[in-house]
Amino acid sequence: MEDRRPKLVILYATQTGNALDAAERAAREAERRGCPVMLLSIDEYDVSSLPHEDTIIFVVSTTGQGDTPDSMKVFWKFLLQRNLSKHWLEGVRYAVFGLGDSGYQKYNFVSKKLDKRLSDLGAMAIVEKGLGDDQHPSGYEAALDPWMSSLWSTLNQINDKFFPQGPDFLIPDMKLIDQPKIHITYHSVDKVDSQSSLNSDLKWIEMQIERARSMSPGKFTHDKTRPNCFLKLIQNQRLTRAECGKDVRHFEFEFVSSTIEYKVGDILEVLPSQNQAAVDSFIQRCNLDPEAFITVHPKEMNNHLLHTRTSANVPIKLKTFVELTMDVASAPPRRYFFEVMSYFATAPHEKEKLQYFASPEGRDDLYQYNQKERRSVLEVLEDFPSVQMPFEWLVQLVPPLKTRAFSISSSPLAHSNQVHLTVSVVSWMTPFKRKRSGLCSTWLAKLDPEQSIYIPAWFQKGTLSPPPPSLPLILIGPGTGCAPFRGFVEERAIQNESSATAPVLFFFGCRNEDGDFLYRDFWLSHSQNGGVLSEAKGGGLFVAFSRDQPQKVYVQHKVQENSRKIWNLLTEGAAIYIAGSSTKMPSDVLLAFEDIVSKEGGLPRESAVRWLRTLEKAGRYHVEAWS
């Protein structure tokens, strides 16, 4: 009897979609070599089945300050059980590829700890773990290409049945390229049941969003299809001076559907509206009918990439589907997009260029053209006018329109029926001097409270847990990192009206006192007359203006200047909260705290490091950082 062909199991854990892209790429490369693949999100896999696997590949990202993606939390908790023996995974072969950013202190932390835990449980690594780095000139793919090459070669040595014709044999791409994973059905208008007249405006918008995002092949979690609520903008205030070079806004929103209960430290996600001219240009460039009614279905009903839901059976206008699910004018497409484009290019010079971009040799040039320049799907299609891609492929490959997450900067105790955000309006110049701007922040900045636009929103628990009134606080929030702490201070001030509260130290940083001292009057008012940041309450407000003197001063310098005050609060059980840019600030602040613990506590440096790790494990050292 012929031996059964081995199947390669690939599990991915993604937060932003990069790990999914890398896992899909590995799956395609394996399939092109004739190897059957099962590709699953790690939360769709039964972790108790691990000992029964022969070979399993993990592609995992690291988020925040060394955190596992949300989809991996249950899987990881299971693996950490103490009753699992060191022989539990004996006989299982595995490989790990991690995606991270070396600008973070805990670079690729999740892939490293997963690799170690699998090994500790008896599994055998096929190849050395791969570590993709966002900071590399070619992004994570610089590490992915050689890692995959080594993986295929080693797998073939272990069992030549993985690749029947060897790891270097590739099935001709045309056999794979004409098979998009989805099918689109077009419906005649007279058969479409229009419900808009039967519903309120809000209900109709909600249905459209859920309908479109339920059908989309983008990996939206089940709770990201229907909004939690709708918000109406009631204030759009610029916090920075025009000449300071930054545009930071204070937004106030009112609940217009149901009111959602949230806590300080929580996250608000909003679905941005795309530029209508860009959407129209995309539809025109692709020769699509914006008024057509469509439904989108997976070709294989059990396909892991797509999910069908009841709302997905109702047709939706093609233009509405594009507007709500396909990021056509902001996010750059992935490498596979260029590969598929090459098969539909009719001009020889365009086909050659696209094939080069999709090849390992062209990887660096593609990264410069695409990611570094942040070219949108629309711009790429306009650069290759002979390409006419079927809509099925576009729906599958255009980056999904994602919600954008912001730290909430208000307390529900201070503002009933409202939620506030502090948003930096993102804009930058590319290496080729092309001006780019953030989709969501630019859209929000242009909104007029008089327009009465309904904004779909989702609330999520943040990484900064709400502190009880009796907990002393040391808050470090330079720039827009002050956002969650505005909510903390508002809440603590209200709690202080009815009973005594613990001291609060707040460290803020910006460039200039006159230019970008965000919420200046708010902080100053709470630092005076017995306010929660006042010295009379044991608190303090400390501000670092980095460019108001010849020598730059940052929050970590202000922290070190107040080492005795900080140490006294820490010995009284204070918690440290840090929020802001993920570049150098969190690690620089951590070094400052290590200095303080070592100096004031009389401890060797190594002991100070361990002391702070213990603080973190006890839930008294919190970091929320973003890039």
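Here the Cβ of each residue, glycine as well, is placed from N, Cα and C on the backbone.
Where the annotation comes from TrEMBL, it is an automatic prediction and has not been curated.
As recorded in TrEMBL:
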type	residues	note
BINDING	Thr14, Gln15, Thr16, Gly17, Asn18, Ala19, Ser61, Thr62, Thr63, Gly64, Asp134	FMN binding site
BINDING	Arg374, Arg404, Ala405, Phe406, Ser407, Gly438, Leu439, Cys440, Ser441, Trp626	FAD binding site
BINDING	Thr480, Ser546, Arg547, Lys552, Val553, Tyr554, Val555, Gln556, Asp588	NADP(+) binding site
DOMAIN	8-152	domain 'Flavodoxin-like'
DOMAIN	226-467	domain 'FAD-binding FR-type'
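On the 0 to 100 pLDDT scale, the domain 'FAD-binding FR-type' (226-467) averages 91 in this prediction.
Sitting within 8 Å of the Cβ centre of Thr14, Gln15, Thr16, Gly17, Asn18, Ala19, Ser61, Thr62, Thr63, Gly64, Asp134, and not among those site residues for FMN, are the Cβ atoms of Pro69, Leu99. Neighbour list (Asp134 (FMN binding site), Cβ cut-off 8 Å, at least 6 residues apart, same chain): Leu99, Gly100, Asp101, Ser102, Gly103, Tyr140. When the alpha carbons of Arg547 (NADP(+) binding site) and Ala405 (FAD binding site) are compared, the span between them is 29 angstrom.
Using DSSP to sort the residues of the domain 'Flavodoxin-like' (8-152) gives these counts of helix, strand and coil: 58 helix, 34 strand, 53 coil. Each of the binding-site residues Ala405, Leu439, Val553 was assessed for Cβ neighbours inside 10 Å, and the highest tally belongs to Leu439. Fewest Cβ neighbours within 10 Å among the binding-site residues Thr14, Thr16, Thr480: that distinction goes to Thr16.
Cα separation, Ser407 (FAD binding site) to Thr480 (NADP(+) binding site), rounded: 9 Å.
Looking only at Cα atoms, Ser61 (FMN binding site) sits nearest to Arg374 among the binding-site residues Arg374, Leu439, Thr480, Val555, Asp588. Sequence-distant neighbours of Asp588 (NADP(+) binding site) (same chain, six or more apart, CB under 8 Å from its CB) are Tyr554, Gln556, listed in sequence order. Of the recorded residues, Ala405 (FAD binding site) and Thr480 (NADP(+) binding site) place their C-alpha atoms 13 Å from one another.
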